[in-house]
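Per TrEMBL, Zn(2+) binding site is recorded for Cys250, Cys317, Cys318. If you look up TrEMBL, you'll see 11-332 marked as domain 'Hcy-binding'.
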Amino acid sequence: MGLESSDMSCFISDFVQKYGGYAVVDGGFATELERHGANLNDPLWSAKCLISSPHLVRRVHLDYLDAGANIILTASYQATIQGFEAKGLATEEAESLLRRSVEIACEAREIYYDNCTKGSWDLVENGNTTRRPVLVAASIGSYGAYLADGSEYSGDYGDAVTLQKLKDFHRRRLQILAEAGADLIAFETIPNKLEAKAYAELLEEEAINIPAWFSFNSKDGINVVSGDSILECASIADSCRQVAAVGINCTPPRFIHGLILSIRKVTSKPIVIYPNSGETYDAQLKEWVKSSGVSDEDFVSYIGKWHEAGASLFGGCCRTTPNTIRAISGVLSNKSSSPFKS
């Protein structure tokens, strides 16, 4: 069942306020799938596991829930109808796999709840112990993620990719994921203003009745990766009634503070932050270069500063692990009375 417009815009801020002024998002998905033995050297990347190893997808969701995540993202970042069809699947199979990505995350949430004993439920309300709430966010990666050529890290799609082409590409996928049982849609690693505009128009045109967040990526701490202004991109998100949070993902931690301050200038919506480990991705070699990454301790040391700057949802992206999320959850819950409590 969907929400009214006013409810959608307040959905995440109400969720965050109710549970201590912050929420914890999960961490790197492909990183964990590989650790569990999956081979992701494929244009479908982590979405390949929806076909070959759904049990591993469920396992990774559970690892993050056990680490303290309040919000888990589905394994659909690189799952597109066009991508599945290119692997020889029928359209109906492709659509079924998109739905399955949400079902697996919802199953993991139920397993997690079933496994919880009253003693381990870690939320106390009015003296009563209750289970920690968990939201399932259906992940939608950019057009560049589907291309699997690194263009989600440049935002350069060429002149042939128009606003209408992007809307046509994403439309059916968005419809399916919005109806599959997720609590919200997470548009991730948005590399340019054009794609943000396409998403905003699609949400309106399709009358999507669950909330969304828009999360951009940056390589300079000032603009999104295409060079478009983060102020302009965040303004597009702010003006869309279905967008309930705006933020940054897959960006080195050192750039996050300045980006939060920029986003805060143009929106009062909650800010979601889930950076990568700070390592550099070589799109040609399709591998991470361990040069400038930060440890979990260093990563977590930023959290207080980011919260102070205005962010309220925190997690990790590429190369972060359940240990990272456990550390984030720990530092937030330890300090939820001050300075973290709103």
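The backbone N, Cα and C atoms fix where each Cβ goes, and this holds for glycine too.
The structure displayed is predicted, hence computed values, not measured ones.
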Exercise. Given the binding-site residues Cys317, Cys318, and counting only Cβ atoms in the protein chains shown, which has the most within 10 Å of its Cβ?
Worked result: Cys317
Exercise. So for Cys250 (Zn(2+) binding site), how many other CB atoms are inside 10 Å of its CB?
Worked result: 24
Exercise. Inside 8 A of the center formed by the CB atoms of Cys250, Cys317, Cys318, which other residues of the chain have their CB, for the recorded Zn(2+) site?
Worked result: Gly28, Thr189, Asn217, Asn249, Thr251, Tyr274, Pro275, Asn276, Ser277, Gly316, Arg319, Thr320
Seminar exercise, completed: Model confidence for the domain 'Hcy-binding' (11-332), as mean pLDDT, reads 91
